[in-house]
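A.B. asks: Straight from Swiss-Prot, here's the annotation block:
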type	residues	note
TOPO_DOM	1-11	topological domain 'Cytoplasmic'
TRANSMEM	12-28	transmembrane segment
TOPO_DOM	29-617	topological domain 'Lumenal'
BINDING	Tyr180, 185-187, Gln202, Tyr210, Gln213, Gln216, 429-432, 499-500, Asn510, Tyr514, Tyr560, Arg563, 572-581	substrate binding site
SITE	Tyr180	site 'Critical for catalysis'
SITE	Arg187	site 'Critical for catalysis'
CARBOHYD	Asn225	N-linked glycosylation site
BINDING	Thr238, Glu240, Thr268, Asn269, Asp392	Ca(2+) binding site
CARBOHYD	Asn303	N-linked glycosylation site
CARBOHYD	Asn393	N-linked glycosylation site
SITE	Tyr560	site 'Critical for catalysis'
SITE	Tyr578	site 'Critical for catalysis'
Amino acid sequence: MRCLAARVNYKTLIIICALFTLVTVLLWNKCSSDKAIQFPRRSSSGFRVDGFEKRAAASESNNYMNHVAKQQSEEAFPQEQQKAPPVVGGFNSNVGSKVLGLKYEEIDCLINDEHTIKGRREGNEVFLPFTWVEKYFDVYGKVVQYDGYDRFEFSHSYSKVYAQRAPYHPDGVFMSFEGYNVEVRDRVKCISGVEGVPLSTQWGPQGYFYPIQIAQYGLSHYSKNLTEKPPHIEVYETAEDRDKNKPNDWTVPKGCFMANVADKSRFTNVKQFIAPETSEGVSLQLGNTKDFIISFDLKFLTNGSVSVVLETTEKNQLFTIHYVSNAQLIAFKERDIYYGIGPRTSWSTVTRDLVTDLRKGVGLSNTKAVKPTKIMPKKVVRLIAKGKGFLDNITISTTAHMAAFFAASDWLVRNQDEKGGWPIMVTRKLGEGFKSLEPGWYSAMAQGQAISTLVRAYLLTKDHIFLNSALRATAPYKFLSEQHGVKAVFMNKHDWYEEYPTTPSSFVLNGFMYSLIGLYDLKETAGEKLGKEARSLYERGMESLKAMLPLYDTGSGTIYDLRHFMLGIAPNLARWDYHTTHINQLQLLSTIDESPVFKEFVKRWKSYLKGSRAKHN
């Protein structure tokens, strides 16, 4: 190079170097363009989603979520699913594979000699679109993002088995009911202002009181009370002398009256109010932005109302919920929601969940389901009272689980008929081949869950009105379905307690096990003498369950009932949420009965959730 530099002018040398660099760059670019662009391949469990599969998975994600949401029922707890984020970056298979150099090609896939779908071939591997796999094999999957990367998650089932915390006791948590939220179900029209319990629209838009739903409402709040921390409670009014140092937040317009007066029946002071219906009413500023369970003691002397003004997430608009002294169920007009709470001419406590009352009012419809709404309260602004009456103990709290539990317990006591049952006043058609159940039928599941509720109320209060009601509830267990009871006999040998006392018998599994749990609660609580009948019914039922469990095992899942045996039709396979309910129930029973059969079935049925199958011949 030094020899060349000595003989060549430096300007010529610069030109030669520049030409050499240009040639090098051109050759480099040409070589790079001839190479295929390779993308790093990420491993995934399950079926790969490439190209059009990704677009299909994204477009089907909403359908997937809607399908899972439909798995709700009064018997099985619906599982919440994480919604997959949308997937971007899909491309045409032919163009995409050429541009990006992917090693797959499109291939026709003939399905069962019936129809053809488009798949992907990569060497000896063939990939089918997951939208087809999902429907064909009844499996589930979604694309999720972790740290900015997409990952496809595949699952054989969508429902979850809850671990049994400890041996079951009649005064403890009821199964996994602390996870139930009965009042938010779209088939709950509202929480009745008069009764304080949910009104169901599951089988009719007119609404009716469904004992199973009411018992579940009580048991869920009882269980939440045991598993959640104590609520925060803000006291706004007690009418006592110690409140004199607090600022007077009551506004009393002209023509209205309010004063502290002594109530001899309560041995305390209360707030007396007089406010004509045509007036603005007397009002108490609240201003709570954290909690939305309001409670107050109330006694009306005339017709009246107590209204709560809410600031909402709906463009900060104000909505008012009116609790009125009439029997109207619920009404909604513009930004006013009305709940009838009855005359209330004697002292009673009104406890309302303002979130539920707001959303049920705004979502009010004439169909079976409440319309979905995103509206939420942001602030409890003030309380307004009209008419003539008395108020006391105005509070706002995080939760009021025991108020809900006792509302359900008291309803069960008040509405039990002379035969010991809770008649269901709506027609129920279980399926083709079964006679319709006309209004007034009993359900063993309702009897069992009601007993479990009443036993807990008795254990808390020692009030025998609850225990006596639970004892009377065993009567329908003793009578056959055609005798207006809930009993069926399988193969003239095994006693069974019917969730739906149909003709012919249906032998629904989960409802039967709930009826047994109720009998167990009662026999353990009532003692040797009073619990004798419950013990006998329980023992006969457990013998039947142990003998008949194999009839509900398909080798890959479970069966909801025995209609295939009774009617000679196709079996009614249990959805995954019912399957996990079966497992949860058996887990509970395995803690109170040492028979190994329950643990064996739990182990096998759990494996079905992961895709295991029984061996073939």
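Using N, Cα and C of the backbone, Cβ positions are placed for all residues, glycine too.
Source: prediction; values computed, not measured.
Please go over these features one by one and say how buried each is and what sits next to it.
C.D. replies: Across the residues of the topological domain 'Lumenal' (29-617), the predicted structure has a mean pLDDT of 89.
Neighbours of Ala574 (substrate binding site), defined as other CB atoms within 10 A of its CB across all chains, total 23.
Tyr180 (substrate binding site): 20 other CB atoms within 10 A of its CB, across all protein chains.
In this structure, Asn225 (N-linked glycosylation site) is part of a helix by DSSP. Around Asn225 (N-linked glycosylation site), a 10 Å sphere centred on its CB holds 19 further CB atoms from the protein chains shown.
Asp392 (Ca(2+) binding site) falls within a strand when secondary structure is assigned with DSSP.
In the structure as shown, the Cβ atom of Asn303 (N-linked glycosylation site) sits within 10 Å of 14 other Cβ atoms.
Within its own chain, Asn393 (N-linked glycosylation site) has Val235, Glu237, Thr238, Ser295, Phe296, Asp297, Thr349 as residues 6 or more apart in sequence whose C-beta sits under 8 angstroms from its own.
Around the Cβ of Tyr560 (substrate binding site), the same chain contributes Val508, Leu509, Asn510, Asn572, Leu573, Ala574, Arg575, Tyr578, each under 8 angstroms and 6 or more positions distant in sequence.
Look at Tyr578 (substrate binding site): DSSP puts it in a helix.
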A.B. asks: I'm trying to understand the geometry here, so how far is the Cα atom of Asn225 (N-linked glycosylation site) from the Cα atom of Thr268 (Ca(2+) binding site), in Å to the nearest whole number?
C.D. replies: 29
A.B. asks: If you draw a 10 Å sphere around the Cβ of Asn269 (Ca(2+) binding site), how many other Cβ atoms fall inside it, taking every protein chain shown into account?
C.D. replies: 17
A.B. asks: DSSP three-state call for Asn269 (Ca(2+) binding site): helix, strand or coil?
C.D. replies: strand
A.B. asks: I'd like to know which of these binding-site residues, Gln202, Thr268, is least surrounded, judged by other CB atoms within 10 A.
C.D. replies: Thr268
